[in-house]
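Before any comments, here is the structure.
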Amino acid sequence: MTMRIDTDKQMNLLSDKNVAIIGGGPVGLTMAKLLQQNGIDVSVYERDNDREARIFGGTLDLHKGSGQEAMKKAGLLQTYYDLALPMGVNIADKKGNILSTKNVKPENRFDNPEINRNDLRAILLNSLENDTVIWDRKLVMLEPGKKKWTLTFENKPSETADLVILANGGMSKVRKFVTDTEVEETGTFNIQADIHQPEINCPGFFQLCNGNRLMASHQGNLLFANPNNNGALHFGISFKTPDEWKNQTQVDFQNRNSVVDFLLKEFSDWDERYKELIHTTLSFVGLATRIFPLEKPWKSKRPLPITMIGDAAHLMPPFAGQGVNSGLVDALILSDNLADGKFNSIEEAVKNYEQQMFMYGKEAQEESTQNEIEMFKPDFTFQQLLNV
């Protein structure tokens, strides 16, 4: 009898309704997979042209107890393990000396192995029903009707949905129905780039990595590198945003030479292998570090069911590896709430998810922010952060 009541409650909550997920990143796609497992009608609207679009960025590591739990629930954990690579860390100084190495012990190889972003997307896409993801959809307007949302896309037909889940990243432009909070810059800046065939194009630095990720710091300049990102070496350089950049970035990221000149000046007394990395790079991406603070409660009155997951909900500095993992926990909790029959309405299920998310999301943001503060102190070393 109890089973019958639970099933009826679930059907009353979800039957004859459709869900629109905005954004086809790992969090949005995982959300779609978890909903489909429960027979929910879901569509993902993604601005990329197609599944072959290359995703820029470093590898992702899914943590035990958070990101991996969502993959397990989706039935994809072993596939993730098959494609992910356990990687150690080399910590170097500005002269290119290896100060310490933290290797992955065999018993820890599944703790948080690194996976290429496109590989993770492929795992998730291959698990979804055909035509779940609708490509080349840039959302320009979200409007509530009497019973459904209307989604308006740039130069594409409009769609409707009973529930909208925003998973379209930290710079989402359609949060107004959920909160008036705005994204804030934290005061640090990141420059990222890829070098293909690094063993040929920057052999000195590639050998310094020796198959591991590499981290180096000096006087507030931080360098992170991963030599194994599907044939490319991905690296990032982080520093406090210069005062003269407060109103406008003084480096033209459309002009490679402008970026190279700036970085060579910043790294003038670093080893030639670091300069080799800069000289070899063909293009750079510059990004201010941002946070979407969870300080104010979200709106309790919304015209129709809508919520946010992933960076759209809790963008944070990338200095604790918590972003994607927190987002996958979002997907796990929200999908359970919507499908397990515990709640009498979508609004109740969403509210409970948001209450939980605010707790672990704030904690993750605080950890990331504290790491950011510590890492940009002049005397910071990666040994103290990694306990090696």
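Glycine too: its Cβ is placed from the backbone N, Cα and C atoms.
R54 (NADPH binding site) falls within neither a helix nor a strand when secondary structure is assigned with DSSP, and so counts as coil. Sequence-distant neighbours of R54 (NADPH binding site) (same chain, 6+ residues apart, CB-CB distance under 8 A): N118. Annotated NADPH binding site per Swiss-Prot: R54, in sequence order, evidence recorded as sequence analysis.
Positions annotated as FAD binding site by Swiss-Prot, on the basis of sequence analysis: D61, R117, D311. A simple way to gauge crowding: the CB of D61 (FAD binding site) has 20 other CB atoms within 10 angstroms, across all the protein chains here. In the three-state DSSP classification, D61 (FAD binding site) falls within a strand.
Here the Cβ of D311 (FAD binding site) has 25 other Cβ atoms within 10 Å, regardless of which shown protein chain they belong to.
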